[in-house]
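Colleague: To start, I am sharing the structure in question, which I have written as structure tokens.
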Amino acid sequence: MILTNSTSPIIKEQRECELEAKRKTHSWKTYASGAPRCINVDNVLQLPPNDQFTFMKTVHFGYDLLSSDIGIKLKGYMDCKETWKDLNDIRRVFCLKRTANSDLVAELWKKDSFFGYQYLNGVNPVMIKKCQKIPENFPVTQDMVSSSLGSATNLQKEMQNGNLFLADYKILEGIPTNVINGEKQYLSAPLCLLWQSSYNEILPIAIQINQTPGEKNPIFLPSDPEWDWTLAKTWVRNAEFQVHEVITHLLHTHLFAEVFNMATTRNLPMGHPIYKLLIPHLRFTLEINTLARKQLIGSGGLFDQAVVTGNGGVPALMAKAMKSLTYSSLCLPDDLEDRGVQSVPNYYYRDDGIKIWNAMERYVSDIVHYYYESDEAVANDPELQTWVAEIFQEGFLSNKNSGIPSSFATRVEATKYLTMVIFACSAQHTAVNNGQFDFFAWMPNSPTTMRKPPPATKGTTTYQSFLETLPAVNTTATAMGTVAVLSFDPLDPRPVGCYRNSHFTEDAPKKFIQEFKEKISEISKHINERNEIMKLTYKYLDPNTMNCSVSI
């Protein structure tokens, strides 16, 4: 029920007592300056029992970590700090764990068409935006790209036709870099210009590895020598890895989901309909994030061992991302419009995501309109208003420039926000998490770090220098073991829509849940039918394999 002026004082007191108790067990702390705040615990044993993994999930998750670690050590790779002698040697690191898509990535990684494909349907499908003007610090000319565009068109015409796109990694500029195996590691902030060809492929046509143009920062082109161009693309893929893992994955799904979890527990009593709506989408998030802060991004963790943004880069990058965060970037329809990618062909993340967003929005709208008879009822719900205000303060750090609401005036506003919350915790996390092994297991496609600085001139890169720039053997093994564990959810999953313990008791919300399940079942059927005729499948937004919550 929702609190109103006519609610019994006894019920109000009971609800406040419930929330006061939860606020004691779920208090906030600052993990890193400029990042969303988190639960005030140091390890998973300090979490309340209801927030801990089930026994089944704990055992299976521990087995995955253990078996992955032992598998790598048995092969003797963890102690090897040397450069890979040949790219084919990398195939032996994880020969015991392969997928159809990971095999295809290892086959296609050097192709320009696959490089572009990943901007649409890889694990970070939110990066590119339509290019309406060539940036001043990226002086690409017609002469540079004429061989890519062909004689029938030119740079200006393609821009006017909406066929040029930009991936700009400026956010990585100035981020501290790691030292791995006693060696300084390197990070760049590249710009990449992409073109939608007449064959509806997204192709890279120019890459500048750093932000400031100049003689020692050349613009690399597909017409350059093979290893010059391959290395330039690899610098972009390394930048992609950092942005994906720290911003798109960790910040926008894991850490925001924790904020939603904390605010829901602290401000919405169990009898509140919005608590009932959200609670399936918050399961296990506190434990997986507590583990991540200790084992993944904590001191001596996997990022420190294998990623260029380890040892100080992660908090700096998160703080930068928080300052530039916008509400529209968290709401899929708005994000697609802002980036100008509504009509890009073969964009399966967009196509599947919009269907799922719309299904979720309809479900949420039904719930909101059932329990709130008017906009005034939303505006006058003190618990709901406290909930959204706390998220704004503790999660979004009161950043008014973000456009993120700190209160609700209407049912439409509440519906959009709640859809964003559920989508982030389920669909978006699945889209940016479940393909990690597929796209990252073949290390040259997405190296976690680079051991040499970017080339200052063209014509200097060789196959050997390319190998020497890639992560060392042990760094590769650590990274591959990590993505193998993180890409496959342990036992005890809860697919979206499968609410085993429905908290709603009325017939109407139960009907809304059933309608939602039927709609996402249709979406899943369509996705599987499409994938049957595709070699490289896009399965990362299939509701049948989409967990309700951030739990891996």
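Here the Cβ of each residue, glycine as well, is placed from N, Cα and C on the backbone.
Feature list, courtesy of TrEMBL:
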DOMAIN    1-552  domain 'Lipoxygenase'
BINDING   His249, His254, His429, Ile552  Fe cation binding site
Colleague: Applying a 10 Å Cβ distance cut-off over all chains shown, what neighbour count does His254 (Fe cation binding site) have?
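Modeller: Excluding its own Cβ, the number within 10 Å is 24.
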Colleague: Is it possible to get the count of other C-beta atoms within 10 angstroms of the C-beta of His249 (Fe cation binding site)?
Modeller: 22
Colleague: Around the recorded Fe cation site, report the further residues of that chain (criterion: Cβ within 8 Å of the mean position of the Cβ atoms of His249, His254, His429, Ile552; site residues excluded), sequence-ordered.
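Modeller: Nearby residues not in the site list: Leu250, Thr253, Ala257, Ile288, Val432, Asn433, Leu486, Val550.
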Colleague: Please name the residue among the binding-site residues His429, Ile552 whose C-beta has the most neighbouring C-beta atoms within 10 angstroms.
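Modeller: Ranked by Cβ atoms within 10 Å, first place goes to His429.
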